[in-house]
């Protein structure tokens, strides 16, 4: 389990994150929401070890994150950044295969996992294509497959961090992507996903961390976190929140 206690982060004189406490339990999807500049991507950068906090602790499986060696950490923690770019004409299967580099499972097993991850990301039909020939949305799905392959099959002890994985996707693939993430968590992985779409978060996340200017406004179930009062305070928007008529999760409608 990835755990954060009393996290503070500053950039110069600007406090970006203030006293954040967070747990990513196995089998759950935690959504991080908030307006631009709320500290969402900065939080992910601390959680993956890219940035060191000014105060507080980040632990993975009870050990300080900084104590994990590179390959050992990579076998348990995978990160999909907001922008993933490659400047070389790799085939899609090679890009996804990069996720298997921390493992020593052999070429045959790796090929099976690459196929499974591409199918999970609805990108198997792209397997022989050049990465550089893909659209932005196709590239995003290929990189999702790469991080899924890195942790496949997503058992307990695996942690997946995703920064806006649906930002370039059409409505169909927004749902297929988050369905794949949901299935990964159902296998035992802990997942944190940064999203901007409130309704996608309400549908697919078990808990919501709602950030406001680097502070935790709410950390609760979608029903408890995504209230009209909270969304007015954080986003400045007036909304109607009602239960989805078929699925029961909160449905947010802008007034």
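Cβ atoms here come from the backbone N, Cα and C positions, even for glycine.
These numbers come from a predicted model, not from an experiment.
Pulled from Swiss-Prot, these are the features on record:
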| type | residues | note |
| --- | --- | --- |
| DOMAIN | 2-238 | domain 'ABC transporter' |
| BINDING | 34, 35, 36, 37, 38, 39, 40, 41 | ATP binding site |
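The least crowded of the binding-site residues 36, 41, judged by other CB atoms within 10 A of its own CB, is 36. In the three-state DSSP assignment, the secondary structure recorded for residue 41 (ATP binding site) is helix. Within its own chain, residue 37 (ATP binding site) has 213 as residues 6 or more apart in sequence whose C-beta sits under 8 angstroms from its own. Note on the binding-site residues 34, 35, 40: the fewest other CB atoms within 10 A surround the CB of 35. For residue 38 (ATP binding site), the same-chain residues that are 6 or more apart in sequence and have a Cβ closer than 8 Å to its Cβ are 211, 212, 213, 214, 234.
Neighbours of the ATP site: apart from 34, 35, 36, 37, 38, 39, 40, 41, residues of the same chain with C-beta atoms within 8 angstroms of the site's C-beta centroid are 211.
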